[in-house]
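I have placed the structure first, in the form of structure tokens, so that the comments after it can refer back to it.
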Amino acid sequence: MKVAADLSAFMDRLGHRFTTPEHLVRALTHSSLGSATRPDNQRLEFLGDRVLGLSMAEALFHADGRASEGQLAPRFNALVRKETCAAVARDIDLGAVLKLGRSEMMSGGRRKDALLGDAMEAVIAAVYLDAGFEVARALVLRLWAARIQSVDNDARDPKTALQEWAQARGLPPPRYETLGRDGPDHAPQFRIAVVLASGETEEAQAGSKRNAEQAAAKALLERLERGA
């Protein structure tokens, strides 16, 4: 098939030229646009999740021969979770070539973590089908390289870490307060404050309450650890 200019540019950003571009087209087709004649990316997402998981598990296994299963598991989860896949997708501007139905397009689908993360997994599967596991694994390790290097920090759940900090000092668990909700329904922004019984507090804003709570906890924990 003839490759459109935007797909060709995306292949360059991805770092893989497809022998069978149809695999990539399917990987980028969301279910809101899929049909009997235009398969969507859900099956590829399923496959890509497994290719990503094996690639990452193997990389972590060999990277630290002394790490226990209990240490490896949170690192693995941090690297393969939907938010991380979505962040990698943004690194290569996957949203620009994501094929969406009108409703998803109008609701800001190109920016949604869920859609971007799913599509990133589907693209990994497309590379696997096009060129095999070794090529797909090499692509994953290249795109995730910086995150693999910093995975110990990413794997540390800020809310849990902040709660442990408070408990170690005889304080009750942190309290999270919703300060406001801004933006349209399809792209809300939540403002959350985390408050310790000792008076320390931080605020953060994100597209979901969970992410805003994590961001607020991380900001407060970093300030506490600096002794500020």
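Using N, Cα and C of the backbone, Cβ positions are placed for all residues, glycine too.
In the shown protein chains, 20 other C-beta atoms lie within 10 A of the C-beta of ASP49 (active site). In this structure, ASP49 (active site) is part of a helix by DSSP. Residues or ranges marked as active site by Swiss-Prot on the basis of sequence analysis: ASP49 (among others).
The active site annotation in Swiss-Prot covers GLU121 (among others) and is backed by similarity to another entry. In the three-state DSSP scheme, GLU121 (active site) falls into the helix class. Proximity of GLU121 (active site) to non-local residues of its own chain (separation of 6 or more, Cβ distance below 8 Å) is seen for LEU44, GLU45, GLY48, ASP49, LEU52, CYS85, given in sequence order.
Residues or ranges marked as Mg(2+) binding site in Swiss-Prot (evidence: similarity to another entry): GLU45, ASP118, GLU121.
The domain 'RNase III' annotation in Swiss-Prot covers 7-132.
Taken through DSSP, the domain 'DRBM' (157-226) splits into 29 helix, 21 strand, 20 coil. The domain 'DRBM' annotation in Swiss-Prot covers 157-226.
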